[in-house]
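Trainee: Not my notes, these are from Swiss-Prot:
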ACT_SITE  116  active site, proton donor
BINDING   22, 23  phosphoenolpyruvate binding site
BINDING   92, 121, 122, 123, 124, 125, 304, 326  UDP-N-acetyl-alpha-D-glucosamine binding site
MOD_RES   116  2-(S-cysteinyl)pyruvic acid O-phosphothioketal
């Protein structure tokens, strides 16, 4: 099993190219199920989750051609309307095939999801929404079995804001009969990216980027070309790394309009940020100042950036409070950071981080995707050598992170 070996204490300088967003690419790939025509996608990131999704779609009969970051999908031969447990257990985003399969083919059988070990994340909102559109749904032997002759438009109010729920119901609604209104819809940029692709395919969607999406169902969708948006979480991860370690790094192919809350917190920590249309420069010459924050839905502070900012706070001047409101089990990185010498205590949904003068390298273990990224940041800032085990979590959501960091001066290598 691969590990990362990191020698800490080296400032970062140079340029890093940001990859396409994992959380946009996964639903967008599933949109290939909605049409018999070709979908041409670019800026698709090289990630384990993307490879898993492509494998699942191939199993269903989707024709797929890959060339670098370009992926062409053709859904004319889809004949297997099932996502089996073996695929879904490694990646909960597999649930995103449910809406497209049901709305285009009238049937779907999808295993209940797995993915990271950070809480339950139930799929009941997906099921309730599809039932409101007329689907007959049974859950037996760990599978969701959904049937519908043609879905009917409906007004759906989700009990909670759910990103994958919004995406699934949006894809189901575009081919439904009549008008669907999604209230309390997720506003994440990745949802907007999916909606923009669907419109390019011929869907009729109003309210894109708001919490109220109005969809007029159409008979069929056609092919389209689309570039996946830049990954704001990867972008924030590298910004945090420079803020924690010090240096001067420019991020290319980045999106600046989706990172307001991260920019505010990094400036509060003492980083100097400048940005253009598709680049961000971060300069850090002093020890960061501690910043407190509370995770919440977009446009608030993303739960997917919580661990990385906590890593920066570990060696910051002062103490900070980090409140996690999205997932109930998302402080698993804390005990690993404390092994490096951090001073973090947990009280319920709050982590209290007392900044220390230095972290010292040690063997640590990644527990989930963003936790693994936070351990990389902590290791880069630590004195001496850190060995991070179980980095398959990192590969699920980061495109060759160690290669990108090496290019800006980090002493980091993948070892067996």
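A Cβ is built for glycine as well, from the same backbone N, Cα and C atoms used for every other residue.
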Trainee: On a count of neighbouring CB atoms within 10 A, which of the binding-site residues 23, 125 is highest?
Mentor: 23
Trainee: I want to check the contact list for residue 22 (phosphoenolpyruvate binding site): same chain, sequence separation of six or more, C-beta distance under 8 angstroms. What comes out?
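Mentor: Sequence-distant Cβ neighbours: 45, 47, 49, 50, 231, 233, 397.
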Trainee: List the Cα distance (Å, whole number) between residue 125 (UDP-N-acetyl-alpha-D-glucosamine binding site) and residue 23 (phosphoenolpyruvate binding site).
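Mentor: If we compare the Cα positions of residue 125 (UDP-N-acetyl-alpha-D-glucosamine binding site) and residue 23 (phosphoenolpyruvate binding site), the gap is 19 Å.
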Trainee: Which Cβ among the binding-site residues (124, 304) has the fewest C-beta neighbours inside 10 Å?
Mentor: 124
Trainee: Give me the Cα-Cα distance between residue 123 (UDP-N-acetyl-alpha-D-glucosamine binding site) and residue 23 (phosphoenolpyruvate binding site), rounded to a whole Å.
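Mentor: Answer for this pair: 17 Å between alpha carbons.
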Trainee: Rounded to an integer, what is the Cα-Cα distance in Å between residue 326 (UDP-N-acetyl-alpha-D-glucosamine binding site) and residue 23 (phosphoenolpyruvate binding site)?
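Mentor: Cα to Cα, residue 326 (UDP-N-acetyl-alpha-D-glucosamine binding site) and residue 23 (phosphoenolpyruvate binding site) are separated by 16 Å.
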